[in-house]
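Pulled from Swiss-Prot, these are the features on record:
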type    : residues                                               : note
BINDING : GLY71, GLY72, PRO73, GLY74, THR75, GLY76, LYS77, THR78 : ATP binding site
Amino acid sequence: MVQINEIKSNSRDTRTAAHTHIRGLGLNEMGVAKPIDAGFVGQTEAREALGLVVDLIRASKMSGRGILLAGGPGTGKTALALAVSQELGPKVPFCPIVGSEIFSAEVKKTAALMENFRRAIGLRIKETKDIYEGEVTELTPEEAEDPLGGYGKTIRSVVVGLKSYRGTKQLRLDPKIYESIQKERVAVGDVIYIEANTGAVKRVGRSDAYATEFDLETEEYVPLPKGEVHKKKEIVQDVTLHDLDVANARPQGGQDVMSMMGSLMKPKKTEITDKLREEVNKKVQSYIDQGVAELVPGVLFIDEVNMLDVECFTYLNRALESTISPIVILASNRGMCRVRGVDDDVSPHGITTDLLDRLLIVRTLPYSLDEIKTIIQKRAVVEQQQISEDALDALAQHGARTSLRYGLQLLSPAGVLAKSEGRDVVEVKDVEECESLFLDATRSKGRFTDKFL
């Protein structure tokens, strides 16, 4: 009998985060929200509203506008913002921050806001490069007498033979390129490409014609390049404006020890000046005018926006109306509350009225008992927990009475208790024991108010 053994994977499981189950907004072709889809349960009006926002972003008609997600705690505001980013795809920049992140002792609040604004604006650069690509058939350095005299010799040039499916070419290259070839450890039989303009050399891998060779080192074998050796290749790069700011604010020095030590001695976060950003904007505009680059407005999501103060709101008013601006999504769980920085100004959601006028407000509603039950059931599937119907009802009751988060947080401890007793299915007694061990906010507040205050 032939013995067959299963190989168990040693890879670690990915962590199950709070919004792992969210995969999109869950809309049909007409933009109507399905009751239960893509990890969402309920919130159909908010999902349909954000579906329209996604369509506007894709049509590049939403730049410089703001959305406010207003609703109580645990109603899915952060999940909705995450769903928008997943609907837009990985090519559109999405920068999530919390309102308290911008306060720093080293960088001004307005500078931190502008930095995150520029993180959320992408630049898609399309560049056509002349390259030579093929398998190395010859690698011969040509030597010459040292002009300074002596017995030493210098590399005058290097002859490289490249082969592809459509033919072969022999190139005579500059000695500086020979240094790049040595750094990449290129040998005969390797597949490389050389950029004609910059002279940059990139080793792609070993030709698959040598795949039968036995070597101690694991090689990546690649097929022989198609087409001619000399070809034009379009390369698309996605960067953000903040990446360009940082690259120009901190130009890299040499690779010597002193340059490295100098960079280590300056760990302090420096502020990028407005003058530098204007220079970067001019360069970006010239790229756009030439048709080399395309601006991709992304999404800046600011959670707990009520933590910002009046100076930040004033700055947001101006930043939203600038020529280069992303789509800004704000989230707040406050009703009427005081605006930070102003003692007597009480405003809806903790936001100044002049900024509220510039926002489209999307309301999130509290979940019903049936919706909470469905959400907990979906989370149990994501966390690979088996739960009985009675235990599911008990968790849903806790979620409706206290908060959805409390009901979800009892799920994992209840699973641990069930496994400690040798059961795979979570029962009601596991949920009740977890409820006695872990207090919710309301019970905790009542108990400690009586004892200590």
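Every residue gets a Cβ built from N, Cα and C, even glycine.
Look at the binding-site residues GLY71, PRO73, GLY76 and count other Cβ atoms within 10 Å of each Cβ; PRO73 has the fewest.
Cβ-based neighbour count (10 Å, all protein chains) for LYS77 (ATP binding site) stands at 26. The sparsest Cβ neighbourhood within 10 Å, among the listed binding-site residues (GLY72, GLY74), is found at GLY72.
Within the set of binding-site residues (THR75, THR78), the lowest number of other Cβ atoms found within 10 Å of a Cβ is recorded at THR78. Neighbouring residues of the recorded ATP site, listed in sequence order and excluding GLY71, GLY72, PRO73, GLY74, THR75, GLY76, LYS77, THR78, comprise ASN333, THR364 (Cβ within 8 Å of the Cβ centroid). When secondary structure is read from DSSP and collapsed to three states, PRO73 (ATP binding site) falls in the coil class. In this structure, THR78 (ATP binding site) is part of a helix by DSSP.
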